[in-house]
Amino acid sequence: MAGEFRWQAGRPDTAQAGGWALAHCQQRFLQDDNGLLFPREWLKRQDLPLLAEHGVGHWQGEPVYLLELDEPLELPGMAWTPLRQFMLHGDFDQFCMLGYASQIGIWARHNRFCGNCGTRMQALGHERVMQCPQCNLHQYPRLSPSMIVLVTRGDEVLLARSPRFVPGVYSTLAGFVEAGESVEQCVVREVREEVGVEVANLEYIGSQNWPFPHSLMLGFHAEYVSGEIVPQEDEIEDAQWFSLDALPPLPAQRSIARHLIDLYLARRSGAAEPVLPG
(Lines of atoms letter the chains of each structure in order from A and count residues from 1; the text may use other names and numbers.)
(Lines give C-alpha, C1' and ligand atoms only; values in the text may rest on other atoms or scores of the structure.)
Protein backbone atom coordinates (compact mmCIF):
# COMPACT_ATOMS: atom_id res chain seq x y z
CA MET A 1 0.00 0.00 0.00
CA ALA A 2 1.26 3.46 -0.82
CA GLY A 3 2.65 5.61 1.94
CA GLU A 4 -0.19 8.17 1.79
CA PHE A 5 -2.72 5.53 2.93
CA ARG A 6 -5.16 6.73 0.29
CA TRP A 7 -7.14 3.50 0.71
CA GLN A 8 -7.99 1.95 4.07
CA ALA A 9 -10.42 -0.93 4.49
CA GLY A 10 -13.17 -0.42 7.04
CA ARG A 11 -16.91 -0.59 7.73
CA PRO A 12 -18.54 2.82 7.22
CA ASP A 13 -22.11 2.84 8.51
CA THR A 14 -24.61 2.38 5.66
CA ALA A 15 -27.19 4.30 7.73
CA GLN A 16 -25.15 7.48 7.24
CA ALA A 17 -25.75 9.61 4.15
CA GLY A 18 -23.12 10.71 1.65
CA GLY A 19 -19.79 9.27 0.65
CA TRP A 20 -18.60 7.54 -2.50
CA ALA A 21 -20.03 4.36 -4.00
CA LEU A 22 -18.74 1.54 -6.18
CA ALA A 23 -21.13 -0.54 -8.28
CA HIS A 24 -20.08 -4.19 -8.58
CA CYS A 25 -21.44 -7.31 -10.25
CA GLN A 26 -19.74 -10.53 -11.37
CA GLN A 27 -16.23 -9.21 -10.61
CA ARG A 28 -16.83 -6.16 -12.78
CA PHE A 29 -17.10 -2.51 -11.77
CA LEU A 30 -19.17 0.29 -13.28
CA GLN A 31 -17.01 3.07 -14.71
CA ASP A 32 -17.47 6.32 -16.62
CA ASP A 33 -15.04 8.92 -17.98
CA ASN A 34 -14.49 10.28 -14.46
CA GLY A 35 -13.62 6.94 -12.90
CA LEU A 36 -15.20 4.32 -10.64
CA LEU A 37 -16.22 6.28 -7.56
CA PHE A 38 -19.66 7.85 -7.89
CA PRO A 39 -21.47 10.17 -5.47
CA ARG A 40 -23.32 7.59 -3.42
CA GLU A 41 -26.70 9.30 -3.14
CA TRP A 42 -26.72 9.99 -6.90
CA LEU A 43 -25.85 6.41 -7.78
CA LYS A 44 -28.58 5.01 -5.52
CA ARG A 45 -31.15 7.11 -7.41
CA GLN A 46 -30.31 5.39 -10.72
CA ASP A 47 -32.83 2.56 -10.23
CA LEU A 48 -30.11 -0.09 -10.02
CA PRO A 49 -30.98 -3.75 -9.26
CA LEU A 50 -29.44 -3.48 -5.79
CA LEU A 51 -28.77 -6.76 -4.00
CA ALA A 52 -26.96 -5.35 -0.96
CA GLU A 53 -24.97 -2.36 0.25
CA HIS A 54 -21.84 -2.55 2.39
CA GLY A 55 -19.42 0.00 3.78
CA VAL A 56 -15.97 -1.09 2.61
CA GLY A 57 -13.53 1.60 3.72
CA HIS A 58 -12.18 5.08 3.05
CA TRP A 59 -10.58 6.59 -0.04
CA GLN A 60 -8.54 9.70 0.75
CA GLY A 61 -10.46 10.00 4.01
CA GLU A 62 -13.94 9.79 2.46
CA PRO A 63 -16.23 6.80 3.15
CA VAL A 64 -16.67 4.27 0.34
CA TYR A 65 -19.66 1.97 -0.04
CA LEU A 66 -20.20 -1.04 -2.25
CA LEU A 67 -23.45 -1.44 -4.16
CA GLU A 68 -23.64 -5.13 -5.03
CA LEU A 69 -26.00 -5.48 -7.99
CA ASP A 70 -28.14 -8.44 -8.98
CA GLU A 71 -27.17 -7.97 -12.63
CA PRO A 72 -24.85 -5.62 -14.56
CA LEU A 73 -27.40 -3.05 -15.73
CA GLU A 74 -26.26 -0.97 -18.71
CA LEU A 75 -26.27 2.79 -18.14
CA PRO A 76 -25.68 5.53 -20.76
CA GLY A 77 -22.06 6.69 -20.91
CA MET A 78 -20.86 3.94 -18.57
CA ALA A 79 -19.21 0.54 -18.98
CA TRP A 80 -18.50 -2.53 -16.86
CA THR A 81 -14.77 -3.19 -16.49
CA PRO A 82 -13.36 -6.53 -15.22
CA LEU A 83 -11.40 -6.40 -11.97
CA ARG A 84 -8.40 -8.05 -13.61
CA GLN A 85 -7.90 -5.01 -15.88
CA PHE A 86 -7.24 -2.83 -12.85
CA MET A 87 -4.66 -5.30 -11.59
CA LEU A 88 -2.75 -5.08 -14.87
CA HIS A 89 -2.90 -1.32 -15.38
CA GLY A 90 -3.31 1.94 -13.47
CA ASP A 91 -3.35 2.87 -9.80
CA PHE A 92 -2.35 -0.04 -7.53
CA ASP A 93 -4.01 1.53 -4.46
CA GLN A 94 -7.22 1.65 -6.46
CA PHE A 95 -6.83 -2.02 -7.39
CA CYS A 96 -6.43 -2.88 -3.69
CA MET A 97 -9.69 -1.06 -2.96
CA LEU A 98 -11.52 -2.81 -5.80
CA GLY A 99 -10.11 -6.21 -4.88
CA TYR A 100 -11.33 -5.86 -1.31
CA ALA A 101 -14.74 -4.59 -2.42
CA SER A 102 -15.13 -7.45 -4.90
CA GLN A 103 -14.39 -10.04 -2.23
CA ILE A 104 -16.93 -8.47 0.14
CA GLY A 105 -19.54 -8.35 -2.63
CA ILE A 106 -19.06 -12.00 -3.58
CA TRP A 107 -19.10 -13.08 0.08
CA ALA A 108 -22.36 -11.19 0.72
CA ARG A 109 -23.95 -12.59 -2.46
CA HIS A 110 -23.04 -16.18 -1.60
CA ASN A 111 -24.24 -15.90 2.00
CA ARG A 112 -27.66 -14.34 1.62
CA PHE A 113 -29.23 -17.48 3.09
CA CYS A 114 -28.05 -19.79 5.84
CA GLY A 115 -26.43 -22.95 4.52
CA ASN A 116 -27.63 -24.82 7.61
CA CYS A 117 -31.33 -23.93 7.88
CA GLY A 118 -32.11 -21.69 4.89
CA THR A 119 -33.03 -18.56 6.87
CA ARG A 120 -32.07 -15.19 5.39
CA MET A 121 -28.75 -14.06 6.87
CA GLN A 122 -28.19 -10.68 8.51
CA ALA A 123 -25.07 -8.51 8.42
CA LEU A 124 -23.78 -7.54 11.86
CA GLY A 125 -22.66 -3.95 12.27
CA HIS A 126 -19.76 -4.40 14.68
CA GLU A 127 -17.77 -6.88 12.56
CA ARG A 128 -17.62 -8.26 9.02
CA VAL A 129 -19.85 -11.32 9.43
CA MET A 130 -23.21 -12.66 8.23
CA GLN A 131 -25.28 -14.22 11.02
CA CYS A 132 -28.29 -16.51 10.86
CA PRO A 133 -30.97 -15.22 13.28
CA GLN A 134 -32.50 -18.71 13.47
CA CYS A 135 -29.57 -21.07 14.18
CA ASN A 136 -26.80 -18.52 14.90
CA LEU A 137 -24.49 -19.74 12.12
CA HIS A 138 -21.76 -17.17 11.40
CA GLN A 139 -20.17 -16.77 7.97
CA TYR A 140 -17.05 -14.63 7.63
CA PRO A 141 -15.54 -13.50 4.31
CA ARG A 142 -13.96 -16.47 2.59
CA LEU A 143 -10.19 -16.60 2.21
CA SER A 144 -8.48 -19.46 0.36
CA PRO A 145 -4.75 -19.87 1.14
CA SER A 146 -2.67 -20.92 -1.84
CA MET A 147 1.03 -21.50 -2.27
CA ILE A 148 2.93 -20.20 -5.29
CA VAL A 149 6.52 -21.31 -5.86
CA LEU A 150 9.47 -20.73 -8.15
CA VAL A 151 11.48 -23.95 -8.46
CA THR A 152 15.15 -23.20 -9.16
CA ARG A 153 18.20 -25.15 -10.31
CA GLY A 154 21.19 -22.82 -10.37
CA ASP A 155 20.80 -20.58 -13.41
CA GLU A 156 17.61 -22.35 -14.47
CA VAL A 157 14.01 -22.00 -13.31
CA LEU A 158 11.10 -24.38 -13.79
CA LEU A 159 8.14 -22.61 -15.40
CA ALA A 160 4.86 -24.02 -16.63
CA ARG A 161 1.73 -22.96 -18.43
CA SER A 162 -1.91 -23.80 -17.93
CA PRO A 163 -4.36 -24.11 -20.83
CA ARG A 164 -6.06 -21.02 -19.34
CA PHE A 165 -2.99 -18.78 -19.73
CA VAL A 166 -2.48 -16.11 -22.36
CA PRO A 167 -0.82 -17.90 -25.32
CA GLY A 168 2.94 -18.19 -24.88
CA VAL A 169 3.07 -17.08 -21.23
CA TYR A 170 4.79 -19.30 -18.65
CA SER A 171 4.56 -18.87 -14.89
CA THR A 172 5.44 -20.36 -11.52
CA LEU A 173 3.56 -23.29 -9.99
CA ALA A 174 0.64 -22.71 -7.64
CA GLY A 175 -2.02 -24.63 -5.77
CA PHE A 176 -4.47 -24.45 -2.89
CA VAL A 177 -3.61 -25.59 0.62
CA GLU A 178 -5.65 -28.64 1.58
CA ALA A 179 -7.20 -29.34 4.97
CA GLY A 180 -4.71 -30.75 7.45
CA GLU A 181 -1.51 -29.65 5.72
CA SER A 182 0.94 -26.81 6.24
CA VAL A 183 1.80 -24.40 3.44
CA GLU A 184 5.25 -26.01 3.19
CA GLN A 185 3.69 -29.45 2.78
CA CYS A 186 1.43 -27.98 0.11
CA VAL A 187 4.45 -26.68 -1.83
CA VAL A 188 6.09 -30.11 -1.92
CA ARG A 189 2.84 -31.91 -2.80
CA GLU A 190 1.71 -29.49 -5.51
CA VAL A 191 5.11 -29.45 -7.23
CA ARG A 192 5.15 -33.24 -7.21
CA GLU A 193 1.58 -33.43 -8.55
CA GLU A 194 1.91 -30.75 -11.22
CA VAL A 195 5.34 -31.51 -12.67
CA GLY A 196 6.60 -34.71 -11.01
CA VAL A 197 9.76 -33.36 -9.36
CA GLU A 198 10.95 -33.19 -5.76
CA VAL A 199 12.02 -29.95 -4.05
CA ALA A 200 13.69 -28.91 -0.80
CA ASN A 201 15.15 -25.84 0.97
CA LEU A 202 11.93 -23.85 0.82
CA GLU A 203 12.26 -20.10 1.42
CA TYR A 204 9.18 -18.03 2.19
CA ILE A 205 9.29 -14.78 0.18
CA GLY A 206 6.02 -12.97 0.86
CA SER A 207 2.28 -12.91 0.30
CA GLN A 208 -0.19 -11.15 -1.96
CA ASN A 209 -3.93 -10.78 -1.88
CA TRP A 210 -5.34 -12.31 -5.07
CA PRO A 211 -9.06 -11.43 -5.32
CA PHE A 212 -9.90 -13.84 -8.17
CA PRO A 213 -12.10 -14.49 -6.34
CA HIS A 214 -10.70 -14.87 -2.79
CA SER A 215 -7.16 -16.28 -2.67
CA LEU A 216 -4.23 -15.36 -0.46
CA MET A 217 -1.03 -16.24 -2.33
CA LEU A 218 1.92 -17.34 -0.16
CA GLY A 219 5.11 -17.13 -2.22
CA PHE A 220 8.18 -19.37 -2.00
CA HIS A 221 11.45 -20.19 -3.65
CA ALA A 222 12.35 -23.91 -3.64
CA GLU A 223 15.40 -25.80 -4.88
CA TYR A 224 15.13 -28.74 -7.26
CA VAL A 225 16.22 -32.09 -5.80
CA SER A 226 15.32 -34.85 -8.25
CA GLY A 227 12.94 -36.14 -10.92
CA GLU A 228 12.07 -35.58 -14.55
CA ILE A 229 9.32 -33.16 -15.56
CA VAL A 230 5.99 -34.92 -16.11
CA PRO A 231 3.17 -32.35 -16.60
CA GLN A 232 -0.07 -33.11 -14.79
CA GLU A 233 -2.78 -34.02 -17.29
CA ASP A 234 -5.57 -31.42 -17.66
CA GLU A 235 -3.72 -28.97 -15.36
CA ILE A 236 -0.35 -28.29 -17.00
CA GLU A 237 -0.13 -27.79 -20.75
CA ASP A 238 3.67 -27.58 -20.74
CA ALA A 239 6.52 -27.26 -18.24
CA GLN A 240 10.20 -26.68 -18.94
CA TRP A 241 13.50 -25.63 -17.45
CA PHE A 242 14.43 -22.17 -18.71
CA SER A 243 17.82 -20.51 -18.55
CA LEU A 244 17.75 -17.12 -16.82
CA ASP A 245 19.07 -15.49 -20.00
CA ALA A 246 16.40 -17.08 -22.22
CA LEU A 247 13.09 -16.72 -20.40
CA PRO A 248 9.69 -17.00 -22.14
CA PRO A 249 6.94 -14.36 -21.86
CA LEU A 250 6.20 -13.94 -18.15
CA PRO A 251 3.22 -12.97 -15.94
CA ALA A 252 2.20 -9.35 -15.32
CA GLN A 253 4.65 -7.15 -13.40
CA ARG A 254 2.32 -6.64 -10.44
CA SER A 255 1.75 -10.33 -9.76
CA ILE A 256 3.54 -12.28 -7.06
CA ALA A 257 4.44 -14.86 -9.72
CA ARG A 258 6.45 -12.23 -11.57
CA HIS A 259 7.97 -10.99 -8.32
CA LEU A 260 9.29 -14.46 -7.47
CA ILE A 261 11.00 -14.62 -10.87
CA ASP A 262 12.35 -11.05 -10.79
CA LEU A 263 13.66 -11.53 -7.25
CA TYR A 264 15.59 -14.65 -8.22
CA LEU A 265 17.01 -12.89 -11.27
CA ALA A 266 18.15 -9.98 -9.09
CA ARG A 267 19.78 -12.26 -6.55
CA ARG A 268 21.68 -14.23 -9.19
CA SER A 269 22.91 -11.07 -10.90
CA GLY A 270 23.61 -9.01 -7.79
CA ALA A 271 21.08 -6.33 -8.78
CA ALA A 272 18.83 -4.48 -6.35
CA GLU A 273 15.97 -6.67 -5.14
CA PRO A 274 12.47 -5.65 -6.30
CA VAL A 275 9.66 -4.87 -3.86
CA LEU A 276 6.57 -7.08 -3.83
CA PRO A 277 3.48 -5.00 -4.79
CA GLY A 278 0.76 -4.80 -2.17
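Just so it is clear, glycine is given a Cβ too, placed from its N, Cα and C backbone atoms.
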Of E233, E235, E237, which one shares the divalent metal cation 3 site with E190, E194 in Swiss-Prot?
E235
According to Swiss-Prot, R84, E127, Y140, Q208, N209, W210, P211, F212, P213, H214, S215 bind substrate; which one of A52, A246, A257 is listed for that same site?
A257
Pick the one from A174, A179, A222, A252 that Swiss-Prot also lists for the divalent metal cation 1 site with E194, E235.
A174
For the Zn(2+) site given as C114, C117, C132, C135, which other residues of the same chain have their Cβ within 8 Å of the site's Cβ centre?
G115, N116, G118, T119, M121, P133, Q134, N136, L137
Tally every other Cβ atom lying within 10 Å of the Cβ atom of Y140 (substrate binding site).
11
If you average pLDDT over the motif 'Nudix box' (175-196), what do you get?
98
Setting A174, E194, E235 aside, what same-chain residues sit with their Cβ within 8 Å of the center of the Cβ atoms that define the divalent metal cation 1 site, listed in sequence order?
A160, S162, L173, G175, E190, E193, V195, Q232, I236
How many helix, strand and coil residues does the domain 'Nudix hydrolase' (141-265) contain under DSSP?
23 helix, 52 strand, 50 coil
What residues, ordered by sequence, lie under 8 A Cβ-to-Cβ from R84 (substrate binding site) and sit at least six positions away in the same chain?
Q27, F212
